[in-house]
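A.B. asks: Just dropping this structure here.
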Amino acid sequence: MGYVTDLKDGFRAFTPQERRNIAFYIAGIMIYKFGLEAFNGSVVALATNRYDYESILNNKPSRTFERVGLLTGLNQAFQCIGSILIGPLVKRYPTKNVLAVAILVFGLCSALLLIIDAATGGTFMPVAYRTNHPENEWSYYGKYNTDAMIPVYCVSGIAYGMVELIRRVIPRDIVGGHIQKLRKMDSIVHIFYEITGTGGAFITALVIIPQLGNNMAFIVTPICFTFSAIIWFFISELDFKRHKPSTLNQRDKPAYWKAAFHGLYLFGESIWVGAKILCSSRKFIWLVPGYAVALYAHRYLENGIAPQIARRYLGHSAWSQIMVGGSNLGELLGALCVLLLTNKIQTPMPWLRLDALMLLIVWYVPFWRPVSGDVGQAWIVAGTFAPISFGWAAGDVSLAAYIQASLARLESKNKNVSALGAVMAFLYSFYIVTYAISGTLLGRYLDGVYNKSGGNSEGGEIHDGLLFTAGLQMTIISVLVLAATFVPKGALAFNPKMISDENLNGDDVGMDGRAKQEDQGQQKGVHVRSSVSVVVERSNKSYCSDEGSEPNVEKRVSEIL
């Protein structure tokens, strides 16, 4: 009952207008997540089938997972570009309008593959195939080169990055800079987001794809995104005030592309500054394996291992979404546990150690011999993915809070980027580069194992390959993550109350903010750029409003990532 009471009190903390905006936001994000699961799951399954089909028709060795690894890796890299391009827009227009337009653009990008497929002869799955689909028969797909999916998916990644950035910005505009309200809103939104993600993955795998086919299953995506845009448009203006520049300074105001390229420069500078911060301190160096490497392991589990098992073990690439659904369920439970045990587990170390141990579950995969074509086997994989993602989500949520709290107290020596933004930019870029390279190379290795063991014509298999790409790789990552949890000072305890001799339960530092630090600097006679009153006043405004400085908006791109 205590948890129910806390939940009710959490809702009462918001004003009526905030509750209205949160309700619209949650409704829109649930529809968005459903469409997103249908799109990502269908595209990966479609690419897997198409590359296999091309190798069968052309009697050539399979290169399926090399190309799928490249496809997903580049998509994630282009999300960074989308995040940078959207930066200047959130200053010039109301955030909710930018979000609505961005998701409409994403919907149009997702429709490109549908148009290409239909224009080249693609159709819905034949009715006779819905109950008994012939093996390796996809003649109803469009007749285009499968490599054409890569640039289209990259363009979708740009739009995806735009939406994901604003999705992380708008909560600040809805409830202001109140840290407790932000935490409560983030928790509530995350729960509904993962519930929809779990259901969306299952429905995509079990209903939409079997009825429509991989090539047409994401026809629901543009529809869902359109409804989300309409719902989000009804969020209030969030105190946005359009700045009307005078004639004298109109010429000095940078154009959109100049601002966007400046944001790209700041992002690169953030990576360099973040690398110096992380590599020069025992307090932060452990974040590279603890955050970036662990994130890579989670993404490879969902985007690499799941499609490999679904296609090569079970013969149905669409069933990878069942496994992703189990993973999403684990994420939901992990986030809930962190929310409920915040007062008992005050550092991310226990969660990260759990994450490291859970990764070892994948060792069953190379030795598993399931019955091909049995959907029940996919549910078994989903059940084993749930505890793995439980550990990762718990570690990720708690670690994200730790990074924000500890780095917000660190004064950056660089005037262009914040310490928090710099570190997050480096960690995210490290993950992107690692996934893009290893995903492609490991996929190529698995394709080689498959071709040498017989390939498509003689029943090739990848068990020996997964011994290294799944079992050995995840063991190495497990050791790295586990070792990282003992690096900070005071982290040897099973459940340390404090690490690096730093109490993070004190006063919060605002998002813009170094008000407290600047106040201390003035007391010590240290020169600061602005008075405390100005900084405090700025911290009460959204950095997405027109009243914020444009450089601040741009450098927040890397921080929000």
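The backbone N, Cα and C atoms fix where each Cβ goes, and this holds for glycine too.
Curation plays no part in TrEMBL annotations; they are all automatic predictions.
As the structure is a computational prediction, the values presented were derived from the model and not from experiment.
Take a look at what TrEMBL says about it:
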| type | residues | note |
| --- | --- | --- |
| TRANSMEM | 22-48 | transmembrane segment |
| TRANSMEM | 68-90 | transmembrane segment |
| TRANSMEM | 97-116 | transmembrane segment |
| TRANSMEM | 148-166 | transmembrane segment |
| TRANSMEM | 187-209 | transmembrane segment |
| TRANSMEM | 215-235 | transmembrane segment |
| TRANSMEM | 284-301 | transmembrane segment |
| TRANSMEM | 321-342 | transmembrane segment |
| TRANSMEM | 354-371 | transmembrane segment |
| TRANSMEM | 377-405 | transmembrane segment |
| TRANSMEM | 417-446 | transmembrane segment |
| TRANSMEM | 466-487 | transmembrane segment |
| REGION | 505-561 | region 'Disordered' |
| COMPBIAS | 511-521 | compositional bias 'Basic and acidic residues' |
| COMPBIAS | 528-537 | compositional bias 'Low complexity' |
| COMPBIAS | 552-561 | compositional bias 'Basic and acidic residues' |
A.B. asks: Which listed stretch (22-48, 354-371, 377-405, 466-487) has the most C-beta pairs under 8 A with the transmembrane segment (321-342)?
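C.D. replies: Per the Cβ count, the answer is 377-405.
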A.B. asks: Should anything in the same chain at least six residues away from the transmembrane segment (377-405) have a Cβ under 8 Å from its Cβ atoms, list it; otherwise answer none.
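C.D. replies: Same-chain contacts beyond the ends: 190, 205, 287, 290-291, 294-295, 297-298, 301-302, 306, 309-310, 313-314, 316, 319, 322-335, 337-338, 345, 347-348, 351-352, 354-359, 361-362, 364, 370-371, 420, 423-424, 504, 508-509.
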A.B. asks: Counting a contact as 3 or more Cβ pairs under 8 Å, with residues at least 6 apart in sequence, do the transmembrane segment (68-90) and the transmembrane segment (187-209) touch?
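C.D. replies: Answer no, regions not in contact.
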A.B. asks: Tally Cβ pairs under 8 Å between the transmembrane segment (466-487) and each listed stretch (148-166, 187-209, 284-301, 417-446), then give the stretch with the top tally.
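C.D. replies: The stretch I would name here is 284-301.
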A.B. asks: Should anything in the same chain at least six residues away from the transmembrane segment (97-116) have a Cβ under 8 Å from its Cβ atoms, list it; otherwise answer none.
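C.D. replies: Sequence-distant neighbours of the transmembrane segment (97-116): 32, 35, 39, 43, 46, 86, 89-90, 142, 144, 148-149, 152-153, 155-156, 158-160, 162-163, 166-167, 170, 215-216, 218-219, 221-222, 224-226, 228-230, 232-233.
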A.B. asks: With Cβ distances under 8 Å as the criterion, find the stretch in 148-166, 187-209, 284-301, 354-371, 417-446 that has the most pairs with the transmembrane segment (22-48).
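C.D. replies: If we count Cβ pairs closer than 8 Å to the transmembrane segment (22-48), 187-209 scores highest.
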